[in-house]
């Protein structure tokens, strides 16, 4: 009896409550974080629109032109390189910022305004670079889209870093879900609009009651719309979204550019990082022949209408949007790579 009283003493009850609170602090709970989740989802969707969505849509438009070789398609495919090389300037983005603007907003705001400006420039010139008949100017398209992808890769660095402090510590696991869902949503929207909603055949067949000339939108109009969207959302973030003072972060240490690059070198010396790097560099080799960009161009080249191809691809994007939401409870635990390791052999 005395033992049971000791267990129920105020001191023990307080200590048990403290243990329960410490455990619950590690459990994801989106209460008070929904607005941050929405902001991240919006930023990643914009990234998908300006990034991969653009890189998927334009090659399809080039391929149906019939005046573009696979060598030129290979040249244009190099616009995706900034995503692979962004580690070269990520430490620079992390070290240089204006404190009054905020560590992340110092880069996010100008980068997104620049993307909006690039879309305006593309809207003015897209009909000249990508005519309905005649030879497209692949080189000019490459230069502009490469610059846009460099900006988008920088935006990706910023948003990934901001997600770590924007969300509560116990909700950071949802950042990758926002990345996957938002990016896929943006890719699906832009690639569909560029290739399907600009198509006269598709619009007359599925979206109109009476046949009409041209698609629902033109390429130029579409780029202007994306420009306005980027400018409006970026302005809204300036006005309504406050960034936490990074100096108040736990264990805050300000590193200069050289220290940031040295830190990256120290991380690269970790053996497990090398194992992960080699795995990620080689895992896609087996699927190169069935990669989305290549198989899309080959199907169009073989005579399959691009509208049909893009509808099939878009349906797969819906699967890619839903899947991360379903598997998130399995990847937010102590072994997030376990699902990947079990599924990749079946792939």
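Cβ coordinates come from backbone N, Cα and C, glycine included.
Note: TrEMBL annotation is automatic and uncurated.
These features come from TrEMBL:
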TRANSMEM  37-62  transmembrane segment
TRANSMEM  106-122  transmembrane segment
TRANSMEM  142-167  transmembrane segment
TRANSMEM  179-199  transmembrane segment
TRANSMEM  219-240  transmembrane segment
TRANSMEM  261-289  transmembrane segment
TRANSMEM  309-327  transmembrane segment
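Counting C-beta pairs under 8 angstroms (sequence separation of 6 or more), the transmembrane segment (309-327) reaches the transmembrane segment (179-199) with 3 or more such pairs. Contact between the transmembrane segment (37-62) and the transmembrane segment (261-289) does not hold: fewer than three of their C-beta pairs are under 8 Å, each pair 6 or more apart in sequence.
Between the transmembrane segment (142-167) and the stretches 106-122, 179-199, 219-240, 261-289, Cβ pairs under 8 Å are most numerous for 106-122. Sequence-distant neighbours of the transmembrane segment (106-122) (same chain, 6+ residues past either end, Cβ-Cβ under 8 Å): 43, 46, 50, 93, 96-98, 144, 147-148, 151-152, 154-155, 157-159, 162, 223-224, 226-231, 233-234, 237-238. Using a Cβ-Cβ cut-off under 8 Å and counting only residues 6 or more beyond its ends in the same chain, the transmembrane segment (179-199) has close neighbours at 40-54, 56-58, 60-61, 160, 163, 207, 214-219, 222, 226, 306-307, 310-311, 313-314, 317-318, 320-321, 324-325.
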